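Trainee: So Swiss-Prot says this about it:
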BINDING   Tyr12, Thr14, Arg29, Arg45, Tyr46, Ser53, Tyr124  Fe-coproporphyrin III binding site
BINDING   His182, Glu263  Fe(2+) binding site
Amino acid sequence: MTKKVGLLVMAYGTPYKDEDIERYYTDIRHGHKPSEEMIADLRGRYHAIGGLSPLAKITEAQAYGLEKALNDSQDEVEFKAYIGLKHIEPFIEDAVEAMHKDGIEEAISIVLAPHYSSFSVEAYNKRAKEAADKLGGPRINAINDWYKQPKFIQMWADRINETAKQIPADELLDTVLIVSAHSLPEKIKQHNDPYPNQLQETADFIFEKVVVPHYALGWQSEGKTGEPWLGPDVQDLTRELYGREKYKHFIYTPVGFVAEHLEVLYDNDYECKVVTDEVGAAYHRPPMPNSDPEFLEVLRTVVWEKYSN
């Protein structure tokens with residue numbers, strides 16, 4: 001009989017329907033109910049991208065697509081995917097409990113975010129481990145980051161180069177690549193959190209493989225907590241770069257994300273485009289990985305390497 005291994009795929013989660021918005025937002029705010037104004041603001045942003053975020057369907061397609069890719073590529077073990085979300089059901093704890101009930105003794109966990117941070121990935125891993133400890137299993141081997149995977153870097157480079165083909169050859173010199181990820185509170189730097197450096201490394205690796213001659217690092221989608229967050233924000237960065245260099249084309253590459261969701265469809269496609277329109281430059285963004293076969297191959301390689309080692 002083929003050995004069964006759990007595949008715990010963890011992600012942020014998103015409201016499934018309009019009625020979920022309040023409890024979802026309350027969970028993000030550690031149980032503090034948001035004001036009517038905050039809910040209206042979030043509703044407005046979802047409305048601007050054409051309704052609720054497609055993230056739930058994409059996460060599902062990524063998890064089960066990864067399960068299939070792993071099982072199709074070898075017959076040593078059978079992987080079974082379980083989705084665990086941070087802010088809405090099925091919660092991380094629900095997924096661990098389902099694995100335990102199914103008699104899974106060993107699992108590999110991966111967070112659908114390439115960079116490690118104590119604030120994000122570590123928090124997911126901690127919840128999974130605590131849930132497993134409480135139940136007496138399964139044993140979870142956590143993948144902390146996977147931004148260095150050569151197939152991941154190549155995937156983004158290919159997408160950027162494809163996008164650059166839309167730019168007239170004589171304007172390529174006036175083009176800049178903006179590489180970004182979700183901002184986090186600046187206090188993470190006090191604890192030598194590797195997150196900012198990992199984004200820098202990702203940008204450097206990608207830049208070596210693209211035809212675009214300039215790049216800059218930015219942060220986006222910061223929370224409204226009143227404390228300082230990592231910067232520069234991508235919108236401020238766009239204005240600053242245009243003011244200094246008069247770039248004609250901006251290619252936004254939110255490599256910290258793996259799907260087309262609110263932070264990309266609104267914070268990039270709407271908010272950043274407002275700025276490029278304002279300064280008279282062109283806005284470009286390569287397609288997100290979503291559940292594309294080349295991205296599933298990235299994840300498959302990462303999980304299989306973890307399992308094999």
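Yeah, the Cβs are placed from backbone N, Cα and C, and that goes for glycine too.
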Trainee: Provide, as an integer number of angstrom, the distance between the C-alpha atoms of Thr14 (Fe-coproporphyrin III binding site) and Glu263 (Fe(2+) binding site).
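Mentor: Checking the Cα atoms of Thr14 (Fe-coproporphyrin III binding site) and Glu263 (Fe(2+) binding site) gives a distance of 11 Å.
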Trainee: Going by DSSP, give the three-state secondary structure for His182 (Fe(2+) binding site).
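Mentor: Where His182 (Fe(2+) binding site) sits, the three-state DSSP reduction gives strand.
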Trainee: List the Cα distance (Å, whole number) between Arg29 (Fe-coproporphyrin III binding site) and His182 (Fe(2+) binding site).
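Mentor: Distance between the two Cα atoms comes out at 17 Å.
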Trainee: Would you count the other C-beta atoms found within 10 angstroms of the C-beta of Arg45 (Fe-coproporphyrin III binding site) for me?
Mentor: 17
Trainee: Counting across all protein chains present, how many other Cβ atoms fall within 10 Å of the Cβ of Arg29 (Fe-coproporphyrin III binding site)?
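Mentor: For Arg29 (Fe-coproporphyrin III binding site), the count of other Cβ atoms within 10 Å is 15.
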Trainee: List nothing but the one residue from Tyr12, Tyr46 whose Cβ has the fewest other Cβ atoms within 10 Å; the candidates are the binding-site residues.
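Mentor: Minimum Cβ neighbour count within 10 Å, taken over the binding-site residues Tyr12, Tyr46, occurs at Tyr46.
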Trainee: Report, in whole Å, the straight Cα-to-Cα distance of His182 (Fe(2+) binding site) from Tyr46 (Fe-coproporphyrin III binding site).
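Mentor: That comes out at 18 Å between the alpha carbons.
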Trainee: When you rank Tyr12, Arg45, Ser53, Tyr124 by Cα distance to His182 (Fe(2+) binding site), which of the binding-site residues ends up on top as the closest?
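Mentor: The smallest Cα gap between His182 (Fe(2+) binding site) and any of the binding-site residues is with Tyr12.
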Trainee: Between the Cα atoms of Tyr12 (Fe-coproporphyrin III binding site) and Glu263 (Fe(2+) binding site), what distance do you get, rounded to the nearest Å?
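Mentor: Just about 12 Å between their Cα atoms.
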Trainee: Express the distance between the Cα positions of Arg45 (Fe-coproporphyrin III binding site) and Glu263 (Fe(2+) binding site) as a whole number of Å.
Mentor: 10
Trainee: For Ser53 (Fe-coproporphyrin III binding site), what is the secondary structure by DSSP, using just helix, strand and coil?
Mentor: coil
Trainee: Write down the Cα-Cα distance for Tyr124 (Fe-coproporphyrin III binding site) and Glu263 (Fe(2+) binding site), rounded and given in Å.
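Mentor: With distance taken Cα to Cα, Tyr124 (Fe-coproporphyrin III binding site) is 20 Å from Glu263 (Fe(2+) binding site).
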Trainee: When a 10 Å sphere is centred on the Cβ of Thr14 (Fe-coproporphyrin III binding site), how many other Cβ atoms does it contain?
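Mentor: Excluding its own Cβ, Thr14 (Fe-coproporphyrin III binding site) sees 23 Cβ atoms within 10 Å.
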Trainee: Going by DSSP, is Arg45 (Fe-coproporphyrin III binding site) sitting in a helix, a strand, or coil?
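Mentor: Where Arg45 (Fe-coproporphyrin III binding site) sits, the three-state DSSP reduction gives helix.
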